[in-house]
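Quick look at what Swiss-Prot lists:
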- 33-53: transmembrane segment (TRANSMEM)
- 77-98: transmembrane segment (TRANSMEM)
- His83, His182: heme b b562 binding site (BINDING)
- His97, His196: heme b b566 binding site (BINDING)
- 113-133: transmembrane segment (TRANSMEM)
- 178-198: transmembrane segment (TRANSMEM)
- His201: ubiquinone binding site (BINDING)
- 226-246: transmembrane segment (TRANSMEM)
- 288-308: transmembrane segment (TRANSMEM)
- 320-340: transmembrane segment (TRANSMEM)
- 347-367: transmembrane segment (TRANSMEM)
Amino acid sequence: MTNIRKTHPLMKIVNSTFIDLPAPSNISSWWNFGSLLGICLILQILTGLFLAMHYTSDTMTAFSSVTHICRDVNYGWLIRYMHANGASMFFICLFLHVGRGLYYGSYMFMETWNIGVLLLFAVMATAFMGYVLPWGQMSFWGATVITNLLSAIPYIGTDLVEWIWGGFSVDKATLTRFFAFHFILPFIVAALAGVHLLFLHETGSNNPSGLSSDSDKIPFHPYYTIKDILGALILILALSSLVLFSPDLLGDPDNYIPANPLNTPPHIKPEWYFLFAYAILRSIPNKLGGVLALVFSILVLMLMPLLHTSKQRSMMFRPISQCLFWLLVADLLTLTWIGGQPVEYPFVIIGQLASILYFTLILILMPIASLVENNLLKW
């Protein structure tokens, strides 16, 4: 008799995704981040659901309701900080997942990659709107500054901003709709993640060598289930340590001051995971130019399959490309640091140089390095 997991319509899908899936035998821990992102998303949806039970999306009571969650709700402080720091863990996993894709040439699976970039945009939008909800100083001014960027769009810009605000400034209407969008978007992210997985399983996973692994596959369970469980335990340990020992480490102290439209904080800055993009935005003196650079800093990922000039898929055997890749990582860390600094000398010029280097590396230097390596290896 055939096993039920191979015949039952629903179990069959689970089986072909998580149990009998043929996986390459040599994928490293860099391939763990897909499952870790899934865990992060589930965790965020669950903690978010419980927070939504006690939160009120009204300008008069939003800040107080978050205080109430932390002080009066059973383990409310834990749920709130799990959610806030869970977002940080989510982005750490996202950046490492994207970095893995760049290093090992996973972007050659174009449908999977493009949906991944859409997922990145969706998660960034969700995180931005979530940051507005506590209605602290940085929530209010962050929302004002970032939504205001849309006014740089010619002709329709101002109307668009006022339409998003639901008035002439960030106010009750803005907070209410941001809460609605923040609630619905994670479910859209979950659906997109399902499509992401669907396209991945059409081709099978890539592997560190970038070569076809069809001749050497192993079942996902038990080999990679146990490996994913180890990754999950490390993730939970890291998140628990952050939440229980220094929950405010990655937050902004200004967000413990209730939103005040009459008082601007000295340094308006987003959460740490947006700082690299914020630095690129600020490095261009022109408003529209800055907005375009900001969008293109993420959108450039969509061009990766077109910029791939190497005859090898992975960077595993390409030392020049490896050096440029790690230079790109260092550059992104520099941009993250600059994004959190005030707009003054020498930070402005460092930010401008780092922004130029970012686009130069991706659009010019890495494709040229690949061509040089093709010649050196006589391919």
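Keep in mind that glycine also has a Cβ here, set from the backbone N, Cα and C atoms.
On the structure: features taken from Swiss-Prot.
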residue : record                   : Cβ contacts under 8 Å, 6 or more apart
His83   : heme b b562 binding site : Gln44, Thr47, Gly48, Leu51
His97   : heme b b566 binding site : Phe33, Gly34, Leu37, Gly116
His182  : heme b b562 binding site : Gly48, Thr126, Met129, Gly130, Leu133
His196  : heme b b566 binding site : Thr112, Ile115, Gly116, Leu119
His201  : ubiquinone binding site  : Ser16, Thr17, Leu21
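Here the transmembrane segment (33-53) has long-range neighbours at 69, 79-80, 82-83, 86-87, 89-90, 93-94, 96-97, 100, 130, 182-183, 186-187, 189-190, 193, 197, 228, 231-232, 235, meaning same-chain residues at least 6 beyond its ends whose C-beta is under 8 angstroms from one of its own.
Contact between the transmembrane segment (226-246) and the transmembrane segment (77-98) is supported: at least 3 Cβ pairs lie under 8 Å, counting only residues 6 or more apart in sequence. If one looks beyond the transmembrane segment (320-340) by at least 6 residues along the same chain, the residues whose Cβ comes under 8 Å of a Cβ in the stretch are 99, 102-103, 269-270, 272, 274-280, 282, 310, 347, 350-351, 354-355, 357-358, 361-362, 365-366, 369-370, 372-373.
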